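A.B. asks: Quick one: the structure is below, and I'll ask about it shortly.
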């Protein structure tokens, strides 16, 4: 078990380390032996080819310079990866330029395939396959993890998930390809340039989920440019006239509707090219944190924990919901303190009329913006704890409940003061000042917390490592042990949740009230340009490489952005109705004004939903290709049924 890496290479020179497994220090020998044996003896799930190859992953110990023997690297043979690609349902391009689900039997029909071509599958796809195989290592007859009687097992339980929850397994992460990463860094952010991001290269290296985020970030930045171009002259020539926002609000209505519909089509084009638009949704296994009494899953027939849905609903509605409402009340209470500070600052300015007093007018908004960011982050931890305590069986259900909690609080926390200023105080000057301060301050804080601070911490870690490794200046010269030692201490990227949340709030600032502060779109564009570079930097230099996750769209975030666009329609229609220009058309009857605004708002919403219905989510050519594939699948199924019937009749 303590054999060195160089010794192991003497009898398997084709081994390519893809994934690192770090066990807890002091893990018992019988546990390590049992786990490595289960990984290496993992049999294929039957099939035509299960008897003609050694269906296993390769796992080897990696002895570190400090003597640690708790690190293992995992790889797989080329054949094993190809069969794994069929198991997970990867979609690849065929020689006729169509996209089809990969099968080993038809491997010769796929573009760039050759038996000696190890690059047919990207490294990210290989690591995804290994992750899938590791997560599907399941207990057979074991009742516990050897050496740890308190870590119970039952037939069908995921071994890796039990090891994680028991603290025996510290982490599993995919290795970086230093040479490919260097090329990606150079083309992505290595030089300042005006152009598109290398989304296909990002997808090949990090997977579709991260590539889609950067694709959406890039698209949203370009979509903001028309708003910014119109906003600059609008801001310059109507700076002191806070009432001339009707035309800008009208354009805002159309803009917020069109960009989301266009994005659906762009997303479909990208995911079809990447193959994930065709991938079938796999059956979801219980999430690692799910617990309950042992029972039988009526769908799979396997033993797994069962938890009463009634108990979960009680936890949601009697604990989580009241807690969220309490947090929302506290947020409103803090907002009223902010308005008291605003009143104090205004009174101080009226008494002193100095440069210092003018600057003091911005202090309450800055303090409030900082408090908002702190409250958002504290609430996020509370929401994660509550959602985990609710004990959701599926990861998708957990994510949906978490996103709902976070979005509701963040929306109220960030925008309640703006709604109050606009529709209760009717103070457009204060609305402009508050919007500008909240937007700019939140962008600065996010850039610092998400990119600059982690990058600085990582640089400090590299300086400490430099004492032991003199070759850190050249990424590609690192030995495997040095590379693993460096990467295992890097931060973990927990997904695109916070990145999408930041864009969601930015979309709210721009679409809800930017008509009274036209430069909001300008600051958003500038922030997003720096965000592209800083996010690219943190993905390549700060965090461990995340596992690729195939996805066909941005998921529930699409619905979140569409909901925000509906709210923006209502907001902008009310702002238009409040403008002096529109009020002048109804000098005698406010009732007629309210009815007219309500009618216009309903017409715009109707137009929005009609546009969403009329504009196809997928371009015509992709619809035809998908329909053709469905037709061919049905024909193939018919032929298989006929062949089975003929075979049975002959017998």
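For all residues, glycine too, the Cβ spot is worked out from N, Cα and C.
Keep in mind that what you see is a predicted model, and the values were worked out from it rather than measured.
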A.B. asks: Pick from 292-313, 380-401, 402-423: which stretch is listed in TrEMBL under transmembrane segment?
C.D. replies: 402-423
A.B. asks: If I go by TrEMBL, the feature transmembrane segment sits on one of 570-592, 593-615. Which?
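C.D. replies: Comparing 570-592, 593-615 with TrEMBL, transmembrane segment matches 593-615.
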A.B. asks: Choose the correct range: of 479-502, 503-526, 527-550, which one does TrEMBL annotate as transmembrane segment? Give that range.
C.D. replies: 503-526
A.B. asks: Which stretch from 219-239, 316-339, 503-526, 593-615 shares the most C-beta pairs under 8 Å with the transmembrane segment (245-263)?
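C.D. replies: If we count Cβ pairs closer than 8 Å to the transmembrane segment (245-263), 219-239 scores highest.
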A.B. asks: Where, among 316-339, 402-423, 503-526, 593-615, do we find the most CB pairs under 8 A to the transmembrane segment (219-239)?
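C.D. replies: Checked against 316-339, 402-423, 503-526, 593-615; highest Cβ contact count belongs to 503-526.
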